[in-house]
Amino acid sequence: MGEEEKLQIIHSEGEEAKLQIIHSEDEEVQESEHNNGICSSICAPVNWFKMLAMELHWNFVFSVVIVYGVSQGLGGAFSRISTEYYMKDVQKVQPSESQVYSGITSIPWMVKPLWGLLTDAVPILGYRRRPYFLFAGSLGVVSMLFLSLHKNLHIVLALLSLTAGSAAVAIADVTVDACVAQNSGSHPSLAADMQSLCALSSSIGALVGFSLSGILVHLLGPMGVYGLLSIPAGLVILVGVLLKESPTHNFAYQQVNQNLTDAAKAMWNTLKCPEVWRPCLYMYLSFAVSVDIQEGMFYWATDAKGGPHFSKEYIGYISAVASIGSLLGAILYQYGLKDHSFRDLLFWTQLLFGLSGMLDLVLVLRLNLKIGIPDYFFMVMDASVTQLVGRLKWMPLLVLSSKLCPPGIEGTFFALLMSIDNTGLLTSTWFGGLLLHVFKITRTKFHNLWLAILIRNILRITPLFVLFLIPRSDPNSSILPDEMSDSKETTGTSATQNENIELVALVLNMDTR
């Protein structure tokens, strides 16, 4: 072999060695990037929470988790399943009656501005927030224990107790709503993130609650679950105990009437603004015409002769899986849809909301069995899709509401906007009860349930005709007129009161770490 051939062989072997080294380095880089991607995906939610705690203070995040996650999410899931079985098995009422009763218990959510005005304008012993947290928690504990300890309770007393428990949750909710609205004004770029935090806390709490609710109702009965609901109410008391608030000295109680009058005038002047009343009208109509016939579907799924006859555990599991749909909706909005215009997003979500209702029609007509899909699997899919679309519809409305609140009356006005939504939901609930009554849908007769579902689905599409009431503006921009956004008028209470409120640290302050 000549020298030239030896040099060629050595050269080729060197090139192959270099290529192998380069290839192995590329594999290491790709593997490192893959591992970094997994770590970043896992750490992203944690970093997001840290960012919110740094920007908005940890007490805001803590309050949201307790009120939205534990009280409303976990407690709301327990309350919903236990109340459905309480009305059906203990009180033995018809579906249409249960529908009306559920609307009655939601009335405290319609008068949220009243709770907001009281906390803003009527301090108790010099404190504006702490006494209302303590009162809300105590009211919740007493009402739930009363329900759990009394057998054969008259329907009127049962409704009063359930309404009192609902009022307790609503009063605690007002303070957090005020914080959300105020922080949305001071941190407009984080408005969508704050609503996502509320939605995620509520969805995770609901997921845990629904996962356990069916089992607990089966083991303890509806009344036993009411006893457990005193625990979330007790945590609201804990929030009130830990609340660090500077008392107001020498408060002129004779000014309360004037403060309430000023607040009412400020809200009325804001509502007269076209940029405000037009979205408010749309929000009411979008909820009011979306008829709710949930009780009819519940009775059919558990009692109907030709229905699936789901057990308590299955009802809880179905609701738990459905809450995952709600959680996915919040995540999808946060990471993919929050920057889209309000009108475009509401168009597609409202359209999907109407179309998703057709799944109920397929289930009631038993078409799913004809194509080989079991009832349990199909109902899980139905509930998940409905919750996901419902959350996607709700999120932009919450962000829009937070941006409609003028400075100085953020909390009270946000409560007013939420009461408008809740009034729409109450209209939907009572209209649904009337629909069930008209079509003679009872505990044993469900022949016309498919027709009620079809009418409901058609009505869900009708809000698209008034979508012009919603602005096309970017969610990150201001909606109120400049003269209203720049106004610093207050309604007899200082806008800085909320800034002096913080929870006593249970752990080290994250800002000092």
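Keep in mind that glycine also has a Cβ here, set from the backbone N, Cα and C atoms.
Curation plays no part in TrEMBL annotations; they are all automatic predictions.
Features reported for this protein in TrEMBL:
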type: TRANSMEM; residues: 56-78; note: transmembrane segment
type: TRANSMEM; residues: 132-149; note: transmembrane segment
type: TRANSMEM; residues: 155-176; note: transmembrane segment
type: TRANSMEM; residues: 197-217; note: transmembrane segment
type: TRANSMEM; residues: 223-243; note: transmembrane segment
type: TRANSMEM; residues: 314-333; note: transmembrane segment
type: TRANSMEM; residues: 345-364; note: transmembrane segment
type: TRANSMEM; residues: 376-394; note: transmembrane segment
type: TRANSMEM; residues: 414-436; note: transmembrane segment
type: TRANSMEM; residues: 448-470; note: transmembrane segment
Recorded stretch that, among 56-78, 197-217, 223-243, has the most CB pairs under 8 Å to the transmembrane segment (314-333): 197-217
Considering the transmembrane segment (345-364), which listed stretch of 56-78, 132-149, 223-243, 376-394, 414-436 counts the most C-beta pairs under 8 Å: 376-394
Remote residues contacting the transmembrane segment (56-78) - C-beta distance under 8 A, at least 6 residues beyond either end: 49, 169, 172-173, 175-176, 179-180, 183, 187, 190, 194, 197-198, 201-210, 212-213, 216, 225, 228-229, 232-233, 235-236, 238-239, 319, 323, 501-503, 506, 509-511
Among 197-217, 223-243, 376-394, 414-436, stretch most in contact with the transmembrane segment (132-149) (C-beta, under 8 angstroms): 223-243
The transmembrane segment (376-394) versus listed stretches 197-217, 223-243, 414-436: most Cβ pairs under 8 Å: 197-217
